[in-house]
Amino acid sequence: MAEKQTADELQLEALGHKGELKRTFSPLAMLGLAFAILNSWTALSASLSLALPSGGSTSVVWGLITAGICNLCLAASLAEFLSAYPTAGGQYHWVAVISWKRWVPLLSWITGWINTSGWIALVASGGLLGSQLIVGVISLYSPDYSPQRWHQFLIYIGYNAAAFTINAFMNSMLPYVNKAAITWSILGFVVICITVLGCASPNYASGEFVFRQFINETGWPDGIAWLLGLLQGGLGLTGYDAVAHMIEEIPNAAIEGPKIMIYCVAIGTFTGFVFLVVLLFVSGGDTEAIISSTAGPLLQILYNATQSKAGAVCLLMFPLICLLFATTSIMTTSSRMTYAFARDGGLPYSRFFAKVHHKLGLPFNSLCLTTILVIIFGCIFLGSSSAFNAIISASVVALGVSYAIPVAINCLQGRRKLPPRAFVLPSWFGWFANLLGIAYVIITTVLFVFPPELPVTGSNMNYCIVAFAIIIIISTIQWWVDGRKNFTGPRTDMGLEVLDAVKSQQNPLDLEDPKLVNEQSGGHRL
């Protein structure tokens, strides 16, 4: 282990950074963190209201399959970068390495701002979904209850306060928290599936309803409506670049990181598909009643299956706690991303946010920045639910764009910019995965700024484009004030020491043969 850690540190130093964070995460713990962030079956079931009015069951089931395939292609594309450059900077560092020299600072700066903003905003999603589920429980028991925004706000603050406490004062316990997260998530998946199938038997919905029912309540043409429903799958499968931003805290990073990135998306797609199909079979087959329920689609389906309010709420405890794990893991990743970008001088007061607290062993200032901004986002919700939802949507748009930028730049240069590495896609599949991933990001980015229904009013307008524009405007102003003078991007020259580090990491897997790490050979080895 000491040899592997030395190789990791040599590789990181060759990329221009000193390893200040301890490599305490095992591959299982890192997979737990990544899967806790995706938490696909939880996120997909909690966001059924996105897809059911926009295509019905066909959008829920086949939209997830479509999003899963496209995100697997994106994850595989990013895994190549992660294997070559295992640094917490992730996308903005990779952009700096492969871009045209003249444009390195600007493109790296833009990518870093988009990615950092996306992660900070994504922290809000766990608390928001958790607060909606809890308000749904109250509505189930008290149909006359009229939820107020400040009710959800307090629950939202509770989720984020708990996540901050765990991150700040239990840093050494995070690997165990993440292992507990994946264990709890898989346990909840199995328990809920078995329970609802058993309770609903034999009164299942028909296969026609589950796999072929199409409805359109959006006012958009049917094709557009179905594509809008695709956003549910995109929401449930985003955030897998967390592995990159935490990569400096696992041993044997260049080999283990790419595997974890792909595995978490594959597991998320599989569990999400099975769970959604089970929910639709036990739902009772009345889509209109599910959509209009004040308890929310997920809790209403659980109640329809169990015919017991207490039973439905008990089952809901699994996704509620999963969302707490997710909020904690997203906050961890967001603080590391902020720390990494500040370390390269990308933020105002970068030296302050790039500090690692010696006693706590984490970038505490970056963690505080993330938490403060998330609380501010919550205050926005008190004034406008549309504005807050726009922040959530903008986070997914921002992450998607940050995934596509390095992949697109590499494609424009013939996929020849990455050095020898442990994980290499076959040439033909590399092109296919890259181009499909880019096309998916372009389509979903456009769709996320569409109003969810017609006619468009001030209350149902999608303000995502406004939130995303604010990110671009702030980063542009900061670029002209400070960035163009002082920001040169991360180190991009690869010396002999990084090649030695790669070789020493590859030896345990018998990858000394340069043919196995030559992209032109069309082979890869995990």
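Quick reminder: no glycine exception, Cβ is built from N, Cα and C everywhere.
Database features, via TrEMBL:
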type	residues	note
TRANSMEM	28-48	transmembrane segment
TRANSMEM	60-82	transmembrane segment
TRANSMEM	120-141	transmembrane segment
TRANSMEM	153-170	transmembrane segment
TRANSMEM	182-205	transmembrane segment
TRANSMEM	260-282	transmembrane segment
TRANSMEM	310-331	transmembrane segment
TRANSMEM	360-384	transmembrane segment
TRANSMEM	390-412	transmembrane segment
TRANSMEM	424-448	transmembrane segment
TRANSMEM	460-481	transmembrane segment
The transmembrane segment (310-331) versus listed stretches 28-48, 120-141, 153-170, 182-205: most Cβ pairs under 8 Å: 120-141
The transmembrane segment (460-481) and the transmembrane segment (28-48) contact flag, 3+ Cβ pairs under 8 angstroms: no
Non-local residues, at least 6 beyond the ends, that sit with Cβ under 8 Å of the transmembrane segment (60-82): 44, 48, 51-52, 90-91, 94, 210-211, 226, 229-230, 232-234, 236-238, 240-241, 243-244, 247, 254, 257-259, 261-262, 264-266, 268-269, 272-273, 276-277, 280, 403-404, 406-407, 410, 418, 421, 423-425, 429-430, 432-434, 436-437, 439-441
Cβ contacts under 8 Å made by the transmembrane segment (120-141) with residues that lie 6+ beyond its boundaries: 43, 46-47, 147, 151-153, 155-160, 163, 238-239, 294-296, 298-299, 303, 309, 312-313, 316, 319-320, 323-324, 326-327, 330-331, 334, 338, 369-370, 373-374, 377-378, 381, 388, 391-392, 394-396, 398-399, 467
Distal contacts, the transmembrane segment (360-384) - CB-CB under 8 A, six or more residues away: 21-22, 119-121, 123-124, 127-128, 149-150, 152-153, 156-157, 160, 164, 167-169, 171-172, 331, 334-336, 338-339, 342, 352-354, 391
